[in-house]
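Novice: Next up is a structure, given as structure tokens.
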Amino acid sequence: MIAFSLKGVITAAAFLVALSPIVLIHEFGHFIVCRLVGIRVLEFSFGFGKVLWSTKKGHTQYSIRAIPFGGFVNPAGEMFVDNKDGKNTPKDYEFASKSWWKKLLMVISGALMNYVLAFIVFTSLVFVTGVPVTDSKATPAVLGEVVANYPAQKHGLEAQDKILKINETPVNNWQDVLNSVASLNTDLNLKYERNGEIRSLTIPFSDFNKDNPKLGIAVQTLYTSATPLQAFRSGLYQCWFWTKLSLTELYKAVSKTKKLEVAGPIGIFHRVHQATQNGWMDFVWLIGLLSLAVGMFNLFPIPVLDGGYAVVFIWEGITGKLPSVKVVNIALNVGLALLLMLVLYASVFDVKRIFIKQSSDSPAVVETVEPAENSK
């Protein structure tokens, strides 16, 4: 019980550490653009609820509040003003007084800064870890992963084992492994090294799935030092890749070809817990991925989200006028209801996925985690 509680405390602390830079960079994006386009900021806060600390500089109150799950920037004036009678003309430092493109830039700046943070994280990690060696002939035949419930795992192979021979054919690199098991049609005799000891084992052909005869192993990835250009390109690629993947999955869900799978607060907390077990690099990478997810989600054209406001100001730029305050308020209420429903759906999905199906090890899931080129 003590160990469990300690792990819970560590995970909670890690959750806050992961969330803090994501929230701060998002709100800083709004803050800095307000300053650049001449919108006065009344308050820049990290967290919600009771004020724990605050200080005022110029016209801006800077504060830290009791509930650290979020934050806000409070620009001067209302976002939407009913000024038909000319009695509510906004002052030149208030939000509503600015041109449509300045307001648009302000509302999307938080999400853009989340992408900047994600890019910095992904790029920095490539500098630290290097870039993976993709040439199988230059990669030693050392196992990086042995997948559960596949023949290799069932017969005792482990990560870090080095394959020496397959059916008496010497193995010098990972390409030799791929060639040897490319078309399995007989028993597999393996000679391998573990902790300096030479061992042998035989995997009967009957143990393989006839429709999908995979051994269930993946190579230990080697890395080489990255140049600044490689790191830069990798950071951009990862931002593009995860955005494209997320939008593709969303499209499949909307078109009803696949069930919508989203992570809510419970799922994110669980993923942070996993990252704390896997090491600091996985944890830092998760911060980048979460920052990207927050940025992308905020750009969705849903009222109450930044993307919803962006649609309104784009409309203003096209038509020269804003929707009425009444229409905006109705849209905001609908958007809030949709957002609450999404959070509820995500929470139910998290509970089912984490607590109900946690022990599931179906081969369909295994296939998604095996590297396509360096596994067999």
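Counting begins at 1 with the first residue displayed.
Glycine is no exception: its Cβ is also placed from the backbone N, Cα and C atoms.
So TrEMBL lists these for the protein:
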- 6-25: transmembrane segment (TRANSMEM)
- 104-128: transmembrane segment (TRANSMEM)
- 127-196: domain 'PDZ' (DOMAIN)
- 283-302: transmembrane segment (TRANSMEM)
- 330-349: transmembrane segment (TRANSMEM)
Novice: On the 0 to 100 scale, where does the mean pLDDT of the domain 'PDZ' (127-196) fall?
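Specialist: Here the mean pLDDT over the domain 'PDZ' (127-196) amounts to 84.
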Novice: Per DSSP, what is the residue tally for the domain 'PDZ' (127-196) in helix, strand and coil?
Specialist: 17 helix, 21 strand, 32 coil
